[in-house]
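Enquirer: This is the structure I want to talk about, given as C-alpha cells.
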Amino acid sequence: MFKSKVLVSLVLTIYVLFVTFGLIGYETVAFTLDSLILPLITLFYFVLFEKKTLFFSLFLICYAGSDLIGLIVNFIPYNESYQFLFDLDYFIGNSMYIMAYGFLFIEICKALNVFHILRNFKIHLIVLTGLNIWLIFVLQEMVDSDSSMSGEYYLEMVYNIIMLLLLSGALLNYFYRDNKKTLLLFLGALCIVFSEVIDIAYIYKTPKCLLNIFSTTLTLSAFYFFCIQTNLSDVRGGEEAHVVME
C-alpha cells in the first residue's frame with residue numbers, strides 16, 4: 001500500500017509539474033516531464049500488480065520505451081550531421097507505438113468470438129468500417145502535404161489504422177462481453193484515440209501548449225482505466241470478481 005501511494009503521488013507530481021512548466025513556456029522541461037510519466041506508470045504496473053498478462057505487459061514496455069527513446073534523443077543538440085538520428089527516432093519511436101497498440105489490440109480481442117461478432121453485429125461492423133475509413137482519410141489530410149508520398153506519410157497511415165482498429169476492437173469487445181472490465185478498456189482506448197488526434201493537430205496544425213496538455217491528460221486517463229481494469233475478471237454480464245492486489 002505504501003509503495004502504491006508513493007508511485008501514484010510521484011506520477012501526479014510529475015504531471016502537475018508538466019502542466020505548470022508547459023503553461024509558463026518551458027517546453028523542454030515540460031517535454032522531459034511528459035516523457036517520464038508513462039515509464040513511471042509502467043514501473044507502477046510491474047511493481048504493484050500481481051496479475052499481469054503478456055500482451056498488456058508488452059504494450060506498456062513498447063509505449064514506455066518509445067517515450068524514453070524520444071527523451072534521450074531530445075537531449076542531442078540539433079545539428080544537420082545528426083539529422084539521421086532524429087529521423088531514426090521518428091521511425092523507431094512511432095513503430096514502437098504501433099507495436100504497443102497492436103499488443104493492446106490482441107490483449108483486448110483475444111477472447112472475442114469472431115463468429116459470434118460476425119453473426120450478431122453485422123450492422124455495427126459495417127458502420128465501424130465506414131467510420132474508420134472516413135476517419136483515416138480525415139487524419140491523413142491533416143498530415144503535412146509535403147510528406148504525402150514519403151515513408152512518413154505511410155507510417156502515419158499504418159499508425160492511424162492500428163489506432164482505429166484498437167478502438168473498434170475495444171467497442172466490439174464491450175458489446176460482446178458487456179462488463180465493467182471491457183467498459184474500462186473501451187474508455188481507455190477512446191482516450192488514447194482522442195489523445196492521438198489532438199497530437200496530430202498539435203504537430204501538424206496548431207502547436208499550442210494547451211493541446212499538448214490536453215493530449216497528455218487524456219493519455220494519463222487512458223492508462224488509469226487500463227490499470228484499473230487489470231483488477232477485474234473478464235466474465236460476461238457484469239459479474240466481475242475482484243482480484244486482490246498486493
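Each Cβ is built from the backbone N, Cα and C atoms, and glycine gets one as well.
Annotations per TrEMBL:
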{"type": "TRANSMEM", "residues": "7-24", "note": "transmembrane segment"}
{"type": "TRANSMEM", "residues": "30-48", "note": "transmembrane segment"}
{"type": "TRANSMEM", "residues": "55-78", "note": "transmembrane segment"}
{"type": "TRANSMEM", "residues": "90-109", "note": "transmembrane segment"}
{"type": "TRANSMEM", "residues": "121-137", "note": "transmembrane segment"}
{"type": "TRANSMEM", "residues": "157-176", "note": "transmembrane segment"}
{"type": "TRANSMEM", "residues": "183-204", "note": "transmembrane segment"}
{"type": "TRANSMEM", "residues": "210-228", "note": "transmembrane segment"}
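Would you situate these features in the structure and describe their surroundings?
Expert: Tertiary proximity for the transmembrane segment (7-24) is limited to same-chain residues at least six positions away from its ends with a CB under 8 Å from its CB atoms, namely 30, 33-34, 36-37, 40-41, 43-44, 47-48, 209, 212-213, 216, 220.
Under 8 Å from some Cβ of the transmembrane segment (30-48) lie the Cβ atoms of residues 3-4, 7-8, 10-11, 14-15, 17-18, 21-22, 57, 60-61, 63-64, 67-68, 70-71, 74, 209, 212, 216, 219-220, 223, 227, 230, 245-246, all in the same chain and six or more residues away from its ends.
Sequence-distant contacts of the transmembrane segment (55-78), counting only residues of its own chain at least 6 positions beyond either end whose CB sits under 8 Å from a CB of the stretch, comprise 28, 31-32, 35-39, 41-42, 45-46, 85-86, 89, 92-94, 96-97, 99-101, 103-104, 106-107, 110, 226, 230.
Residues of the same chain lying 6 or more positions beyond the ends of the transmembrane segment (90-109) and with a Cβ under 8 Å from any Cβ of it are 53, 55-56, 58-60, 62-63, 65-66, 69-70, 151-152, 155-156, 158-159, 162-163, 165-166, 169-170, 172-173, 182, 185, 189, 192.
Residues of the same chain lying 6 or more positions beyond the ends of the transmembrane segment (183-204) and with a Cβ under 8 Å from any Cβ of it are 101, 104, 108, 139, 142-144, 159-160, 163-164, 166-167, 169-171, 173-174, 211-212, 214-216, 218-219, 221-226, 228-229, 232.
Residues 11, 15, 18-19, 22-23, 30, 34, 37-38, 41, 44-45, 49, 56, 184-185, 187-192, 194-196, 198-199, 201-202 of the same chain, all 6+ positions outside the transmembrane segment (210-228), place their C-beta atoms under 8 angstroms from a C-beta of that stretch.
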